[in-house]
Ligand code: KIV
Ligand code: ZN
């Protein structure tokens with residue numbers, strides 16, 4: 001059988017007994033390093049052109065990244081050219097450090113320094129693989145042999161840097177495949193490297209711990225990070241950096257727990273592009289911090305621009321459910337979610353902390369519009385439909401009508417099988433409730449109040465042949481209902497009616513909604529008019545019309561006109 005889990009063995013946990021990281025809370029953003037132009041680029045079907053790299057670099061600078069890995073110049077001519085272009089054309093802001101990657105091989109390190117000639121400041125990132133599988137199966141070297149590669153690389157990095165004192169150098173070392181490396185050996189190699197670089201004597205040094213392949217749950221990675229932080233020499237003089245990959249889908253979680261475990265810096269890419277399942281997604285991690293009230297030190301407010309540039313440069317589209325950035329991540333289709341969002345948003349006051357059900361952050365903060373939050377399909381309910389009418393047309397529906405109208409919308413959605421846009425919702429509302437047949441249009445009304453109640457005289461229908469109705473009741477609705485009962489020989493019971501004043505910007509000033517039983521049939525209608533009485537009487541007429549017929553029928557005992 002090909003699908004056989006017995007082929008695999010479980011990752012051995014660290015067996016730590018003094019772990020402190022689970023009780024830690026992240027209170028400030030780590031230093032970020034964007035590796036889109038190197039690790040991200042190395043993973044593309046079509047590597048970026050120099051122009052694409054420049055576009056992405058400019059975006060990263062605009063977002064606030066202060067450390068940007070721009071390539072592997074010794075391994076790729078376009079990367080070399082891009083590095084030269086940035087330096088020669090003076091395109092690196094004074095507060096941004098470019099970082100370049102090189103394997104710990106002499107000829108590659110030498111070429112790396114050629115690429116960096118004239119840079120004001122730069123991070124030289126040197127790595128070699130340290131894991132058991134790489135040692136045993138790829139390099140055929142023992143621990144000492146692997147440590148030697150690292151030490152020789154570190155030595156050459158230091159010596160070549162010394163020949164270019166005009167540049168402010170930071171040295172970075174990665175024990176590549178760290179997650180598959182025995183911790184005591186990882187610490188041994190790191191210590192051997194820092195022995196050469198002497199961060200304790202002032203040389204800025206970054207020790208980067210890559211989850212080159214994500215091999216275990218994020219808590220295991222956090223244990224590994226804490227273990228290294230506790231056991232390396234010169235800890236207080238080095239910056240501990242993380243570089244997680246997403247093989248198990250937990251790159252962000254691993255980096256977050258790794259920061260809790262003591263790391264100072266995190267490498268990743270925008271939207272998580274990178275080898276295989278990708279690198280740690282900087283957007284997600286930074287926005288996770290933002291959602292906890294922590295300044296991410298990056299400006300991610302222009303999410304549309306970020307996705308547009310990343311897509312153009314990587315030729316990879318953004319998943320609609322990508323955290324914080326996808327098209328659908330702030331959208332609720334489900335009725336109960338829509339209802340909750342609508343209630344929270346309507347209670348929210350300017351200056352309140354964000355506390356809205358189903359929305360971890362305010363979509364507006366990343367340039368999204370509230371229009372996208374509630375979208376209607378056949379899963380939606382009354383809250384969503386009511387929200388769309390309120391938001392886009394200033395129409396407030398009473399609860400009973402929300403329930404009734406949402407069924408109309410749901411039927412339409414089921415028939416068309418997809419999303420119902422705001423215009424369609426409005427059209428459905430007009431067609432079903434607001435439409436006034438010429439024969440039932442309220443022309444004028446006169447209400448006379450005396451000690452017995454209200455006497456109503458109403459003129460209805462086509463101006464050429466309008467019908468006069470007259471009735472009495474305790475109020476206007478009752479009086480006109482009585483007039484209609486008499487004229488058409490029906491029994492009318494008003495089950496509910498509601499009137500709303502409308503906001504500015506609409507032609508009508510009032511909306512009325514009414515639900516009747518006419519004989520034993522339910523009927524409901526709504527009307528817009530200049531004043532609430534006109535709106536209510538028109539709604540009453542329209543609701544009765546639905547039962548007795550849209551064309552004004554003849555009076556009881558008269559012959560029908562139509
Ligand atoms: O994933 C990795 O290990 C790397 C290193 C070169 C840092 O990209
Ligand atoms: Zn990587």
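Including glycine, each Cβ sits where the backbone N, Cα and C put it.
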| remark: Cross-ref TrEMBL: Mg(2+) site 243, 245, 279; candidate in list 23, 39, 58, 498 matching that site is 39
| task | Report the residues of the chain - excluding 39, 243, 245, 279 - with C-beta within 8 Å of the mean position of the site's C-beta atoms, for the recorded Mg(2+) site, in sequence order. | result | 35, 210, 211, 212, 244, 251, 267, 268, 269, 274, 275, 278, 280
| Name the residues of the same chain, 6+ apart in sequence, whose Cβ is under 8 Å from the Cβ of residue 279 (Mg(2+) binding site)? | 35, 39, 40, 243, 244, 245, 246, 251, 267, 268, 269, 272, 273
